[in-house]
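Below is one structure, written out as structure tokens, with a few remarks after it.
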Ligand code: UDP
Ligand code: MG
């Protein structure tokens, strides 16, 4: 079977990552890895929008603090496409607790606290598609990346 090079994942720089000037660094890591950027924007989501994004966590004790944290400033929203984008994106982010993230991962290089872990990445293909629909109702772009010919076999 031909490898699926069109899997999509939703990656978001959280307010602390934006404030710390890490948007370019995080975007750049995905670009350099070979993923195709198919949507991007800076956004100031509402409380309701964030509660929808994190709906699976609403019973957790940290939920109110998580929503307050995410309301602290703009977030930078991105969709990347490529081979195994969801799982590879998670590996590039590192563990939820930055102290458990290996150096070389985004959280392992730039964060220390679970509640200030600077970035979000979809955890399954199904959730990625839900998140992309929530954050980019306008849709993502289709275009040809010339470097795809040298990134894939
Ligand atoms: N979070 C937290 N305390 C916890 C667990 C999670 O503040 O004990 C925050 C953290 O910012 C995390 C987010 O809630 O990134 C979403 O949690 P999830 O378990 O989905 O982790 P992720 O998928 O972001 O690694
Ligand atoms: Mg999650």
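Backbone N, Cα and C atoms are what each Cβ position is placed from, and that goes for glycine too.
Record features (TrEMBL):
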DOMAIN    6-143  domain 'Nucleoside diphosphate kinase-like'
BINDING   14, 62, 90, 96, 107, 117  ATP binding site
ACT_SITE  120  active site, pros-phosphohistidine intermediate
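Distance between Cα atoms for residue 62 (ATP binding site) and the residue listed as 'active site, pros-phosphohistidine intermediate': 16 Å, as a whole number. The DSSP breakdown of the domain 'Nucleoside diphosphate kinase-like' (6-143), given as helix, strand and coil counts, is 65 helix, 26 strand, 47 coil. Residue pairs drawn from 14, 62, 90, 96, 107, 117, the listed ATP binders, are separated by up to 21 Å at the Cα level. Proximity to ligand 1 (Cβ under 6 Å from any of its atoms) holds for none of the binding-site residues 14, 90, 107. The 10 Å shell around the Cβ of residue 120 (active site, pros-phosphohistidine intermediate) contains 20 further Cβ atoms across the protein chains shown. Here the domain 'Nucleoside diphosphate kinase-like' (6-143) returns a mean pLDDT of 98 for the predicted model. Reported as a whole number, the C-alpha separation between residue 96 (ATP binding site) and residue 120 (active site, pros-phosphohistidine intermediate) equals 9 Å. Counting every protein chain shown, the number of other Cβ atoms lying within 10 Å of the Cβ of residue 107 (ATP binding site) is 25. Burial estimate for the binding-site residues (14, 90): highest at 14, by number of other CB atoms within 10 Å.
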